[in-house]
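What follows is a single structure, written as structure tokens, with notes after it.
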Protein chains: 4
Amino acid sequence: MIKSGDRVLVLTDDDSRYLITLKEGGIFGTHLGNILHEEIIGKEYGDVIKIGRSLAYLLKPGIVDHIFTLNRRTQIVYPKDMGFIILMLDIKDGDLVIECGAGSGSMTGAFARFVGPNGRVVSYERREKFMERARENVSRLGLEKRVTFKLKDIEEGIDETNADAFFLDIPEPVPHLKNVLNSLKGGGRFCVLCPTTNQVQDVLEALKELGAVDVEVWEIFVRKMKTNPKRFRPEDRMVGHTAYLIFGVKVSRGGEIG
Amino acid sequence: MIKSGDRVLVLTDDDSRYLITLKEGGIFGTHLGNILHEEIIGKEYGDVIKIGRSLAYLLKPGIVDHIFTLNRRTQIVYPKDMGFIILMLDIKDGDLVIECGAGSGSMTGAFARFVGPNGRVVSYERREKFMERARENVSRLGLEKRVTFKLKDIEEGIDETNADAFFLDIPEPVPHLKNVLNSLKGGGRFCVLCPTTNQVQDVLEALKELGAVDVEVWEIFVRKMKTNPKRFRPEDRMVGHTAYLIFGVKVSRGGEIG
Amino acid sequence: MIKSGDRVLVLTDDDSRYLITLKEGGIFGTHLGNILHEEIIGKEYGDVIKIGRSLAYLLKPGIVDHIFTLNRRTQIVYPKDMGFIILMLDIKDGDLVIECGAGSGSMTGAFARFVGPNGRVVSYERREKFMERARENVSRLGLEKRVTFKLKDIEEGIDETNADAFFLDIPEPVPHLKNVLNSLKGGGRFCVLCPTTNQVQDVLEALKELGAVDVEVWEIFVRKMKTNPKRFRPEDRMVGHTAYLIFGVKVSRGGEIG
Amino acid sequence: MIKSGDRVLVLTDDDSRYLITLKEGGIFGTHLGNILHEEIIGKEYGDVIKIGRSLAYLLKPGIVDHIFTLNRRTQIVYPKDMGFIILMLDIKDGDLVIECGAGSGSMTGAFARFVGPNGRVVSYERREKFMERARENVSRLGLEKRVTFKLKDIEEGIDETNADAFFLDIPEPVPHLKNVLNSLKGGGRFCVLCPTTNQVQDVLEALKELGAVDVEVWEIFVRKMKTNPKRFRPEDRMVGHTAYLIFGVKVSRGGEIG
């Protein structure tokens, strides 16, 4: 049963989407008319309400809805990349995952979800406002207890040394790769996200010297299709680029890396 | 510490990959020479061994290695699709997920991983050999306790009625869509995987009549890049198609569907 | 030397593009200030002029500039598809090419260019306004003498019987395929442009019955890259779809087709 | 009428393709049995012959068939790129086009075709064997009279100074860009083909200094679809990469460039 305080995704019959945090006495304006929060409280997910003469559906926002409605200042990691990263980093329940920076907290939330109740995410971010925003965004998923936010530049070092996975998404990744590898346990996996080919080249060069193995670079495209069954066809426009994804594994090589 | 019975991914310096299940006294032949299992047992993941004069790295096989080394008879779901499906179906710990059919168990394993220790996967498969193979493949991930395999054609009905998510990957999906929707709870999400546009059109037509909402169709491409930092460029060949992914949400519309 | 009556593409230093048809005494307004046509007349292509304090380059508009500045009411054929069509239809000097409909005349102009001075394009169009617009657009390329426009529905038949190539771009292609094949000489090539998969399926079905050979279907994507050499990367957005391109060859099979 | 000396594409009913140069008394072996050249001589393009019990179609090889059956030692330019290059370089009848190197002569042939009987192609190639092979390949299209082959390294300079278009496809393009621009007339267009991002970055850097305008970089993908109308879907594999295409225009900037 949907109750006050819950976040509900209202999908109208003409495919508009509204994300509402319910409170008693609340009113929410849509292009079809107002919704009284009370009309929603007490209903079940999947139920139908009326806005004026139109129908609207009460859905539970999923992680993808969450990503696209983040309170954000920075680029987000798109679902197309996020799912692939989760698999390639082999994220699973109980893992210790480190990320830097927190950005808007989109990957933070995904990691927090997939490490499960016994896992842990440590998120390094040197800008306090970003950290707070990321924390708030993770809270919306109800997963803030799984995340430790650290207001710190990783140039000063990374406290952890036995991480299962590391996700690095910062403007200048190269100087920090050695620290990233040292924070991982043997066989630990990392992902570096780079928008430009120049950066990818520099990261690849550095990873070679640092002795990372199983290094792969991937690019992911998604294309949405129109859903008219009589006129099935792709949408006219698509996302052309978000970032290149670099993956690799840390190995020991008999002690210190680098 | 790596021990007898573990599965180890041995990555050679020239990028060959061998997946070995360790047993005492075992010998494994590679293109570089033999490996005695004893050389591996007792080492740590990330450690380096020698095969002849070459180096090789001991890695823990991840879910992606698992997918590509499945004992299989059927098409697998590729990582590019798998990660996106996990996100779009909003899979999280504690979920009840139903799939049909089991195929080679690649999605079964992924669902089992991401529903966590408190979740449950029910996998319907009407061909016993496939079911056993899928079960065996999930066992390799150590996740068989999270999965109930049912040797049953879903034409005879689906036992569950309150699923969080349904994944349908069978040759003729249309006749089963009503059953799929009835097995989901309100707001539950489903994915239908279709290789051909004809099928997508038929599924979209059927979903319209059944009143599913938030229906989307996606196609996902991945491109691997070569990792020479001095000559960075995409690989010459890529996967052109696996399947179209249809997603949607079940809503009540005041009772029975259809 | 650029003279009155010529069409000039003015490219400003900040990458705005203006297409100007020159006349004595003319003035053209841009975001950087006015250009007197007299400042351009008498210059050479490749020369630089000043607009206020900014530089601007005088370029000869190419066929791609032409396509994107067409006076148009309908969808155009994009360069990505156009070049591929020209090659797959094996267009060369001296060819007789038929198209239906004229649309905005974008393909008409391309065909007119590549059949050369000894070739001929016949363009069927049943809507007079479209025909006139296509004629005007081809005139801008100076190629109107190579094209015969016919105001006629091809349902009433196609006058030619010995065409080298046929380009069919109409909303309902299937009923006209027999006529298309009958207008081609033996070994003649055709292209049918279809935005939806439903149409492609219907056309493929019909072509099978009509005995066309070497039938292929292609889809073409182009991605533009950003040109900052320090931050090389693809543009964020790209065209996701224009149309599927169906190609085939007409063979005799001992007489009448169909 | 097909005669001795002609090149014929024989397409069998099971989609095998054989390119035959006919001579009296010739015999050609196929997987379906032998074809006597005499069975073909005297027939028309589009006619059907029998090979054993199977049907085969007599087609006139097009430029795309020509590309894929080139006698070659080097990478060819694929149709997907070729058509786009022809449009972006604004190739038309009467043009003077320079290319370097000749490679296998695939672009040479395309340029020769599209400059028409009054145009001219100059092809620089420093390796004699490659030059002879390219010449032979252009001859197969019957277009050798439109092409001047020059056995010369363009480091020693380019003889022409008034070219409409330049196509540069060599391993180290950067040192030659100044020469390329000097060989073009004002407003002349060029294309540089680069397989790697490192090269693209270097070329972009150099073009900036040389003052080229309207610089664009494109990447082109094509995907072939399977043609079963009941099971319409893309092919499983596609070409992932050939090269990045860099385009630009030469402007005067008041005299010498560079």
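Even glycines carry a Cβ here, placed using N, Cα and C.
Where the annotation comes from TrEMBL, it is an automatic prediction and has not been curated.
According to TrEMBL, the protein has these features:
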BINDING   D:Glu125, D:Asp153, D:Asp169  S-adenosyl-L-methionine binding site
Specify the count of other C-beta atoms within 10 Å of the C-beta of D:Asp169 (S-adenosyl-L-methionine binding site).
22
To see if you understand the setup: which same-chain residues, six or more apart in sequence, place their Cβ under 8 Å from that of D:Glu125 (S-adenosyl-L-methionine binding site)?
D:Cys100, D:Gly101, D:Ala102, D:Gly103, D:Met131, D:Ala134, D:Phe149, D:Lys150, D:Leu151, D:Lys152
Using the centroid of the Cβ atoms of D:Glu125, D:Asp153, D:Asp169 as reference, list every other same-chain residue with Cβ within 8 Å of it (recorded S-adenosyl-L-methionine site), in sequence order.
D:Cys100, D:Gly101, D:Ala102, D:Gly103, D:Tyr124, D:Arg126, D:Arg127, D:Phe130, D:Ile154, D:Ile170
For the S-adenosyl-L-methionine binding residues given in the record (D:Glu125, D:Asp153, D:Asp169), what is the largest pairwise C-alpha separation in angstrom?
13
Specify the count of other C-beta atoms within 10 Å of the C-beta of D:Asp153 (S-adenosyl-L-methionine binding site).
15
Could you check what DSSP calls D:Asp153 (S-adenosyl-L-methionine binding site) once collapsed to helix, strand or coil?
coil
